[in-house]
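Q: Pasting a structure here, questions to come.
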Amino acid sequence: MVDAEMAAFGAAAPFLRKSEKERLEAQTRPFDLKKDVFVPDDKEEFVKAKIVSREGGKVTAETENGKTVTVKEDQVMQQNPPKFDKIEDMAMLTFLHEPAVLYNLKERYASWMIYTYSGLFCVTVNPYKWLPVYNAEVVAAYRGKKRSEAPPHIFSISDNAYQYMLTDRENQSILITGESGAGKTVNTKRVIQYFAVIAAIGDRSKKDQTPGKGTLEDQIIQANPALEAFGNAKTVRNDNSSRFGKFIRIHFGATGKLASADIETYLLEKSRVIFQLKAERDYHIFYQILSNKKPELLDMLLITNNPYDYAFISQGETTVASIDDSEELMATDNAFDVLGFTSEEKNSMYKLTGAIMHFGNMKFKQKQREEQAEPDGTEEADKSAYLMGLNSADLLKGLCHPRVKVGNEYVTKGQNVQQVAYATGALAKAVYEKMFNWMVTRINATLETKQPRQYFIGVLDIAGFEIFDFNSFEQLCINFTNEKLQQFFNHHMFVLEQEEYKKEGIEWEFIDFGMDLQACIDLIEKPMGIMSILEEECMFPKATDMTFKAKLYDNHLGKSNNFQKPRNIKGKQEAHFSLIHYAGTVDYNILGWLQKNKDPLNETVVALYQKSSLKLLSNLFANYAGADAPVEKGKGKAKKGSSFQTVSALHRENLNKLMTNLRSTHPHFVRCIIPNETKSPGVIDNPLVMHQLRCNGVLEGIRICRKGFPNRILYGDFRQRYRILNPAAIPEGQFIDSRKGAEKLLSSLDIDHNQYKFGHTKVFFKAGLLGLLEEMRDERLSRIITRIQAQSRGVLSRMEYKKLLERRDSLLIIQWNIRAFMGVKNWPWMKLYFKIKPLLKSAETEKEMATMKEEFARIKEALEKSEARRKELEEKMVSLLQEKNDLQLQVQAEQDNLADAEERCDQLIKNKIQLEAKVKEMTERLEDEEEMNAELTAKKRKLEDECSELKRDIDDLELTLAKVEKEKHATENKVKNLTEEMAGLDEIIAKLTKEKKALQEAHQQALDDLQAEEDKVNTLTKAKVKLEQQVDDLEGSLEQEKKVRMDLERAKRKLEGDLKLTQESIMDLENDKQQLDERLKKKDFELNALNARIEDEQALGSQLQKKLKELQARIEELEEELEAERTARAKVEKLRSDLSRELEEISERLEEAGGATSVQIEMNKKREAEFQKMRRDLEEATLQHEATAAALRKKHADSVAELGEQIDNLQRVKQKLEKEKSEFKLELDDVTSNMEQIIKAKANLEKMCRTLEDQMNEHRSKAEETQRSVNDLTSQRAKLQTENGELSRQLDEKEALISQLTRGKLTYTQQLEDLKRQLEEEVKAKNALAHALQSARHDCDLLREQYEEETEAKAELQRVLSKANSEVAQWRTKYETDAIQRTEELEEAKKKLAQRLQDAEEAVEAVNAKCSSLEKTKHRLQNEIEDLMVDVERSNAAAAALDKKQRNFDKILAEWKQKYEESQSELESSQKEARSLSTELFKLKNAYEESLEHLETFKRENKNLQEEISDLTEQLGSSGKTIHELEKVRKQLEAEKLELQSALEEAEASLEHEEGKILRAQLEFNQIKAEIERKLAEKDEEMEQAKRNHLRVVDSLQTSLDAETRSRNEALRVKKKMEGDLNEMEIQLSHANRMAAEAQKQVKGLQSLLKDTQIQLDDAVRANDDLKENIAIVERRNNLLQAELEELRAVVEQTERSRKLAEQELIETSERVQLLHSQNTSLINQKKKMDADLSQLQTEVEEAVQECRNAEEKAKKAITDAAMMAEELKKEQDTSAHLERMKKNMEQTIKDLQHRLDEAEQIALKGGKKQLQKLEARVRELENELEAEQKRNAESVKGMRKSERRIKELTYQTEEDRKNLLRLQDLVDKLQLKVKAYKRQAEEAEEQANTNLSKFRKVQHELDEAEERADIAESQVNKLRAKSRDIGAKGLNEE
């Protein structure tokens, strides 16, 4: 196109195409095809360069900025010649590669040519400034132009789509895609502008404009400002970003006339309404309103012009430099006017917008001592409610106390502040979203015209791909949409294109461009994909975001390549998973996704919206159906289940519809590119642009355009259109197949035959060939038209010449005749001829003229008649045509309706079949449930009988228990006396022990003589012990190996996961390595220096490897030493356990000699067994730790080896080696410095572990013991309280009824309605509680199952423990004779035994005290229950009396009351069960959670200990201690051991002293507690007396009320007289009432049971006040009130006195209890501290012994020569002989002591021993019987409760099923009626259609006849006209 042709574009020409001069200058620049290349660059992707040299596959080049680089030869890419600079279609480039495309776009962008063709689609780059390329002049210039005839432009794409629509008769679509901020919205507006302008140009003559509205073209254009105001906002990338997607369809008629338009929107980002990031802002409309351009808006909306006054819209920026909000407001308002919005509609939209701003300012606070929220001021709520047409109080109530549907009923729910804030935001978002959707619907209604439409062009503008720092659910939906659109583009461009080639039989090799995105799409939308899992989680009530994350990981992590675990970086938002999209990897945060997907609303407020006086708001929510709303009837299929549709499901549905629309059209793609992130005009960020080009498939699209055949035409169309190029190839009149004709035609043309291919139905052309054929056709047509024009001009010239010749001949003849006439005109005979000739013909002429006149008149009349007839027929024909069209439309509509009715009928029939199947199934289930219900009813009756029997047994047992308690107290006193005697015997034993020591020293010399003889025996014994120990070790190691194997398997699975992560990291490192290799090759001149450094690092690496190997060898040596130490430790521990067992036997004998009771012996055994169990647990834990340490050492060795391999692999990288080296050094220093801290932490953790285990066992046992009794008592007390409250409420209601019955029938009716409403509410509450009970039972069953599993595991452990105990006993008996005991250990064991005996005695006393206190508590509670039952009976009697009075007034009211009481009793029973179950469930949950927490804590501590052990092992290996140092440590430890033993003895002595103090304090505490309980019982009696007094006061008040009612008439007469007296009395009475109320509140604080009575009294006083205000003042009433006042004063004084006494006693008692409690607490803390110190000392002693033994074993291993072994063996033999002699002496001593003890026992217990034994046996028998009976009773009660719960559940389920069955039956009946109605409608429609069809045929027949008659008449008229013209011509000729 030359410059003259470009002049048509006006000022836009320089921005579309450069001038010829500039193009010539660019083409003549210097260029060397061999040297000018592109080379890769780190920053700029590619740079231009010139080749300097080529050597060995490498190229050295100099870049434009003078930098010299060396790259591989395959990385060099050639530049295109200068004639291709700034080429308009990049598919025409000679060298097509990434840098060529990049630089072409960059150079065109630098010249502000932002549009460029890229094969079949267009690429546009955002200029970030205004360019004059969109005015009307440019639109006109592009109209009707082919793509090749004009520069690239969005108008060209639009015009081509328009022309394709007209020529191909196919719908078109223009897909404008790109990232956010790339310019999609602007290009969409230009496309719409183009279509509106060309339609206006083509139809300017037929414009009709509705008054008050614009034309259709103006309306289409003005829809954009309205949509942008409410749907666009500022984001980080874009100042005017569309936060919704839209698909605009512009409909055209068959001739291309603009017919109508409609808009579909997708996924409005409604979260922006209430939240924005710092660099962003809310939607434009908020700031437009606040711009103060229209002040009346601010007044109407009650707002200011400061955005920071409103929280919702001021979280980010409030102004945008590139947007003038005031001007935009006027544009928006004007757009509403053009679109035909009424002023009411506009104001309603503004009001809702203002209300949303006020919504954000509403504040709420938490009520004191409650979790519920309440309004913190109502000003903003008042404004919002006013603007929305609501009641402010109702709005606040709905927000703070919404009504929630539970089952079939509604209950009021309290909300906390956070919940109210969330609900407020959700409502604001919902209002805005629905208002936006309404606006779009309203615009569509305006754009909808009645004009016929044939085709449409759709323009898609949807949110671009988004990658933010914080990506949430909205970003996933947007990115998923872009993924689908990109897949559509790829499928259309690459897959469908190549499939078309194969389908048409063209030789083609399928090219895989690697652009398939289906994997990512399937990951999101397929079943078990992200969307599916999200919707599934939304259906579960207890699902959270974390469960959603866990499911995602379980289903996709490691299974899908597109799903990854994100790498969280400090300072950035947390991410939970990553998806690999086509545009990059996006990290998503899933917090709040479930709420966003469910999108719940406060249905109470929504109900207010539906009743709003603001018409728009009520319309927005008119069709809203909540999650629990029933399906509306008669709405058809579309409405069913719509209320349960999630946001993701709705988005997928809309997206699928969009994709279906796009697939049905011919798409045109426009790719928008964002040039930089800073919005700078003219700046290209090369890496950013290249990333977009690669992702968008631009290069691949160009390649397939060049390689493939983008243009194709059907053979018939091609033959018809291009036959003109060579007509001889296809002879006229001869039949030739279209394909053969096309082949002949193309073969005859002078074109490249490789540029086209023949398919089965089409001929395919390479890019550009079809344009060439079009040019040839245009040239051919030009030549043909030129020839036709020449021939036509020749014919016309010849015709003109012939006319000239004829005119000349005529003139000659006329001249000759005139000359002849002039010669004879004066001749006389000629004159005579002239006179006679006319006379001869005049008569004949006159006759002919008369005849002609008559004929003319007749023909004229006939003509007029025919003309009139013709007009009539034409009018009739027009009307008939109109009727015909109307009938056709009616027939079409009827056919559509009939088809819809048939579809609905089919669907209803299917639904009916399904419902019938469901009904049948439900009927069967109902029958089964009824059978089960009958069985359960029978079981229930049986259980009730058993329950009554058990209750009687319980009563008997309680009596027996009371007797046993008395005997138990007597026995306890005897036990105390025996304990004192035991203390005296202990002193005697101590003296005997000292004597024993003296004897041992005397026999020491004799024992030395026997040493030689026992050497052999000791040697054999050691060998035997060693072998047996090996057997034990092997068995233990076998079990340990099993455990280790399980641990290793778990570790293996964990390591496999770590291995995957490590492999990924290795891949990343390999990628980094490749990049580093490339950089090394580029930087060749640095290679020598790096090689030298690398060699140094390799040497360092080899040194490190050597060190690692040495450390590993040292670790192996230490492991061997550790193993030897373990065996030695096991031997010593075995010997120690044997000695302990021997000590236990001796202590048992001593205890029996001392006269200990059997109960004490059992307790001692139990304590000893627990001690042994704890010791074994400790040993097992130690072994496990050691095994874990070995596994960790192995793992550490493997990790060290892996690190060595990594060092070998990565030793070429200097920086990483130095970093790792420094890290290793730091870790080594940290381990060295923290070793002592780790050892201390290990000891503390072990101590904490044991303490926590003890506490857990104690808490669990206490919880199990007290749970049953506490639950029963609590439930009984709650039941009595609720019954008392119910009776009080009934009393109040009946008093109110008595006072209201005198007011008449209307008041009574109102009361009846109130009772009905209350009954309904109670039924609703009952149903709600039933649902809650059912869910609680389910949770309880789950927890019970878990508890049973824990119990089974505990039982299994106990069985293992018993088995181990039996084995221990066997070993003990086996080695009893060989055991050698040391004197010092016997002394220590004796002390410990005495200590344990004392502990056991104290524990027995504590347990007995606890039992006595519990019994007292039980008796006290039973007394309270009996008193309460008495009160209940009295209340019931009073209620019965009032009921009798009530029945006298009305029988109907009594019936309603009875029903209400029945429902109330059921409610109370269900509430009781719910409370008991909830408390049980809560305790079980707490216990289970605590056990889980302890377990997790132990696991973590175990893991930490394992890591510490591995670190210590490494430290031991690295430290390399020598044997000499270990020997020193052993000696030091032995010294420390002696010190610790002495300290331990002192601690034990102090502990005994402190425990004695604790025992005495506990006894004092029990006495004080008993005294307090006695005083509390006395206070309870006083409270009961006060309660009875108040009841009497209430009765007297009731009588006075009756008297006042009777005296009402008398009071009216003396009203004026007593007015003054009344005022005085009212003041006194109010003062007395206040005093009474204060006294009652104080009494209420002391006793909760008095609360109900005080409430009754307050109610009575208030009722009295109300009667005084309403009833006239009378003298008699004054007297009555005075009497009441005196009574009230007496009551107040009495209550005040009782209150003061109770308060004084309570204060004294509280002080004593607090003092004792503080003392007890301090003693308990001291005891705990002593226990902790003792356990710490024990652990330290054990650790010291263990370390000592380890050191000894290592020393033995280090000194392995035979001489030392012999010496050691001899010493051991000597020691063994010595100990054997000591054993014999000790046995003799023990016998003597036994004899003495027997004598002492006979002396001390001769008198009362037998009686004591009998009593103790009797006590044990009674206790066993009591325990058995209690267990049986508990089991039976538990079974009975379980059965009752099951019966109630089944009953409730049966009722629910019956209700559901009835509902389903009703639904089936209604559906059947609907089906019948639809059938009738279908039949009627069919009959009507047949009738209309017959009418249509009849009218068609008449129309045809009329047309025939009109044709006949017209032919006659034509004949008459012709005849008349002939007659007229003849007449003229004759004249």
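Just so it is clear, glycine is given a Cβ too, placed from its N, Cα and C backbone atoms.
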Q: Of the ranges 218-240, 655-677, 1759-1781, which one does Swiss-Prot flag as region 'Actin-binding'?
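A: So the range that Swiss-Prot calls region 'Actin-binding' is 655-677.
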Q: For which of the residue intervals 67-87, 1054-1074, 1495-1515, 1915-1935 does Swiss-Prot record region 'Disordered'?
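A: Spelled out, Swiss-Prot records region 'Disordered' over residues 1915-1935, not the other listed ranges.
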Q: If Swiss-Prot is the reference, give me the range from 757-771, 1087-1101, 1672-1686 marked as region 'Actin-binding'.
A: 757-771
Q: Let me know the model's mean pLDDT on the region 'Actin-binding' (655-677).
A: 91
Q: Could you measure between Lys184 (ATP binding site) and Ser1137 (phosphoserine) for me? Cα positions, answer in whole angstrom.
A: 85
Q: For the domain 'IQ' (781-810), find every same-chain residue at least 6 residues outside the stretch whose CB is under 8 Å from a CB in it, and list them.
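A: Same-chain contacts beyond the flanks: 724.
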Q: Sequence-remote contacts (6 or more beyond its ends) of the region 'Actin-binding' (757-771), Cβ cut-off under 8 Å?
A: 91-92, 119, 146, 148, 501, 503-507, 705-706, 708-715, 718, 739, 742-743, 746, 751
Q: Measuring Cα to Cα, how many angstrom lie between Gly183 (ATP binding site) and Ser1137 (phosphoserine)?
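A: So the alpha carbons of Gly183 (ATP binding site) and Ser1137 (phosphoserine) sit roughly 86 Å from each other.
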Q: Would you kindly list the residues that approach the region 'Actin-binding' (655-677) from elsewhere in its chain, counting only those six or more residues past its ends and only Cβ-Cβ distances under 8 Å?
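A: Distant contacts of the region 'Actin-binding' (655-677): 105, 109, 118, 120-126, 128, 154, 157, 160-161, 164, 168, 170-184, 187, 237, 247, 264, 266, 458, 460, 464, 480-481, 484, 488-489, 492-493, 683-685, 688-689, 692-693, 696, 698.
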Q: Name the secondary structure element type, per DSSP in three states, that contains Ser1137 (phosphoserine).
A: helix
Q: Counting each residue once, how many in the domain 'IQ' (781-810) are helix, strand and coil under DSSP?
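A: DSSP composition of the domain 'IQ' (781-810): 30 helix, 0 strand, 0 coil.
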Q: Could you give me three numbers for the region 'Actin-binding' (655-677), the DSSP helix, strand and coil residue counts?
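A: Reading the DSSP string over the region 'Actin-binding' (655-677) gives 9 helix, 8 strand, 6 coil.
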Q: What are the other residues, in sequence order, whose C-beta lies within 8 angstroms of the center of the C-beta atoms of Gly178, Glu179, Ser180, Gly181, Ala182, Gly183, Lys184, Thr185 at the ATP site?
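A: After dropping the recorded site residues, what remains is Asn126, Arg237, Asn238, Ser241, Gly464, Cys672, Ile674.
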Q: Within the chain of Thr185 (ATP binding site), which residues six or more apart in sequence place their C-beta under 8 angstroms from its C-beta?
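A: Residues satisfying the criterion: Glu228, Asn232, Asn240, Ser241, Ser242, Asp461.
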Q: If you run through the region 'Actin-binding' (757-771) with DSSP, how many residues end up as helix, strand and coil?
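A: Counts, helix then strand then coil: 3 helix, 6 strand, 6 coil.
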Q: Which whole-number value in Å describes the distance between the Cα atoms of Glu179 (ATP binding site) and Ser1137 (phosphoserine)?
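A: Glu179 (ATP binding site) to Ser1137 (phosphoserine), Cα-Cα distance: 77 Å.
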Q: According to DSSP, folded down to helix, strand and coil, what is Thr185 (ATP binding site)?
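A: Once the DSSP labels are grouped into three classes, Thr185 (ATP binding site) ends up as helix.
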